[in-house]
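Per Swiss-Prot, the features are as follows:
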type	residues	note
BINDING	GLU43, GLU68, ASP95, ASP117	S-adenosyl-L-methionine binding site
ACT_SITE	ASP117	active site
BINDING	LYS121, ASP153, THR190, GLU191, TYR192, GLU193	substrate binding site
Amino acid sequence: MRLRNKPWAEDYLRKHNTVVDLDGTHAGKMSEWFEKDQPIYIEVGSGMGQFITELAAQHPEVNFVSLERDKNVMIRVLDKVLEKDLQNIKLICNDAMELTDYFKDGEVDRVYLNFSDPWPKKRHAKRRLTYHSFLALYKAILKDEGEIHFKTDNRGLFAYSLESMSQFGMYFTKINLNLHDEDDEDNIETEYELKFADKGSRIYRMEAKFH
């Protein structure tokens, strides 16, 4: 997601302690980020933040981390955090390839990947967040029973992700081929999901673990 550049975005983000890091200086200091020692769920690519802020509001017993590389997008997430007065969420403005610089091995309980860029061209496959190099990062930071929760409206990306994860040695604990037809009461919709669902698009979802 790209928004018009806001020259003031970085200064705005630095004013709030909810934003943990803009330059890597807090990397590997998870214990200092949160007041409570609780399970850690992260969302890679949070968009406008509707999903993760609603999830954090519903689950104060969990610590959440939003990873978003675009400062212009991250300010939207921060605004929602401040509006809801959430104390159990922190924001990181950086790329997913830097995950292991922020989290220690086995430190994370769950990773959310919601409506990631499908990068449909084959030559761009390595940019997909379910490409094997990204899966290796998730495996490093997740606990032994840690999970990846994945949602998309893109059938091609979903099929690719199932194959990529299987080849990487993962197994699936849940697969939904038409999420909104299954009336999942626990489902929290993202901004993209609402838009696609209103158009009648099918939403694909799965949960996976590493062997």
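Yeah, the Cβs are placed from backbone N, Cα and C, and that goes for glycine too.
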Site extent for substrate, whole Å (max Cα pair distance, LYS121, ASP153, THR190, GLU191, TYR192, GLU193):
25
Across the listed S-adenosyl-L-methionine-binding residues, GLU43, GLU68, ASP95, ASP117, what is the farthest Cα to Cα distance, given in whole Å?
14
Rounded to the nearest angstrom, how far is the Cα of ASP117 (S-adenosyl-L-methionine binding site) from the Cα of ASP153 (substrate binding site)?
11
Among the binding-site residues GLU68, ASP95, whose Cβ has the fewest other Cβ atoms within 10 Å?
ASP95
S-adenosyl-L-methionine site, defined by GLU43, GLU68, ASP95, ASP117: further same-chain residues with Cβ within 8 Å of the Cβ centre:
VAL44, GLY45, SER46, LEU67, ARG69, ASP70, ALA96, SER116, LEU129
By the DSSP assignment reduced to helix, strand and coil, which category contains GLU193 (substrate binding site)?
helix
Between LYS121 (substrate binding site) and ASP95 (S-adenosyl-L-methionine binding site), the C-alpha gap once rounded to whole angstrom:
21
Could you measure between ASP117 (S-adenosyl-L-methionine binding site) and TYR192 (substrate binding site) for me? Cα positions, answer in whole angstrom.
11
So if I measure Cβ to Cβ from GLU193 (substrate binding site) and keep only same-chain residues at least 6 apart in sequence, which ones fall under 8 Å?
ASN114, PHE115, LYS151, ASP153, ILE203
Check each residue in the chain of THR190 (substrate binding site) that is at least six apart in sequence and keep those whose C-beta is under 8 Å from its C-beta; list them in sequence order.
GLY47, GLN50, PHE51, ASN114, PHE115, LYS151
Which one of these binding-site residues has the most other Cβ atoms within 10 Å of its own Cβ: GLU43, ASP117, ASP153, GLU191?
GLU43
Using DSSP and collapsing to three states, where does ASP117 (S-adenosyl-L-methionine binding site) fall: helix, strand or coil?
coil
Could you tell me which of these binding-site residues, LYS121, TYR192, has the fewest other Cβ atoms within 10 Å of its Cβ?
LYS121
